[in-house]
């Protein structure tokens with residue numbers, strides 16, 4: 001059967017918060033079956049646990065940020081959540097010493113390295129998937145996202161930037177995880193921003209940790225990073241990386257096709273909320289025989 005997964009052992013890393021510019025320590029701890037993903041703020045007078053769920057995503061201006069009813073925040077979670085989804089991790093406690101997850105290199109690859117180093121272990125409880133049975137869509141002024149029934153996991157995304165750096169590359173990408181590898185084709189795509197946005201954020205006390213080491217920065221015409229892009233279409237691949245992380249906030253892998261145009265964290269979260277508010281549109285699924293699961297999920301990294 002397809003079982004739930006956690007890490008074999010704890011592992012830590014230190015990085016910089018994208019917005020605060022402060023050093024942040026991150027520690028990933030194994031957790032029992034059915035725990036889900038829980039963030040723990042250890043920098044507060046009393047540690048506070050924040051379980052990942054769509055209803056707690058209450059700030060999506062610059063990232064997916066969890067905010068509790070007492071105002072405790074955990075921000076910039078989407079790249080780490082994307083790595084958990086790509087590695088098939090169900091249960092984990094994430095200790096963090098600040099209000100945001102470190103940005104690392106702006107992609108999910110450093111987080112995947114942490115997971116690989118710690119190793120994964122199956123747990124004696126069936127993994128629960130969410131199977132989409134009916135299409136669900138959210139639309140707002142030309143921006144849209146939708147989930148459709150699909151026997152696997154597939155993402156089709158398009159972006160639209162009238163800018164020379166974007167016009168040189170495809171702005172639409174489809175990735176069917178029955179045939180494509182998250183690790184090789186998505187995890188290394190970095191976040192991106194425009195020089196004028198960076199200046200605006202810094203003037204407003206944000207983006208203090210941002211640099212060419214953890215983001216693709218674009219001026220009026222060119223990519224400023226001396227090494228260039230990791231993929232010709234790295235921009236839209238990063239949007240796929242983000243979407244995978246945003247969707248995993250639902251707490252289970254989705255058996256569905258996700259598509260979107262100019263989508264971002266806010267729309268991805270609205271889509272999850274609409275799905276959960278439409279009980280006839282989805283069901284839980286588990287698999288006694290791994291071969292009965294869609295082939296998209298046969299490629300999860302093996303246990304070491």
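These residue numbers are counts, starting from 1, taken along the chain as shown.
Each residue, glycine too, has its Cβ placed from N, Cα and C.
Going through 19, 79 against Swiss-Prot, the one listed in the Zn(2+) site together with 238, 242 turns out to be 79. Other than the site residues 79, 238, 242, same-chain residues with C-beta atoms no more than 8 angstroms from the centre of those residues' C-beta atoms, the Zn(2+) site, are 78, 82, 106, 107, 108, 189, 190, 191, 239, 240, 241, 245. Of all the recorded positions listed here (238, 265), it is 265 whose C-beta has the fewest other C-beta atoms within 10 angstroms. Under the DSSP three-state reduction, residue 265 (active site, proton donor) is assigned to helix. Sorting the binding-site residues 79, 242 by the number of other Cβ atoms within 10 Å puts 79 first.
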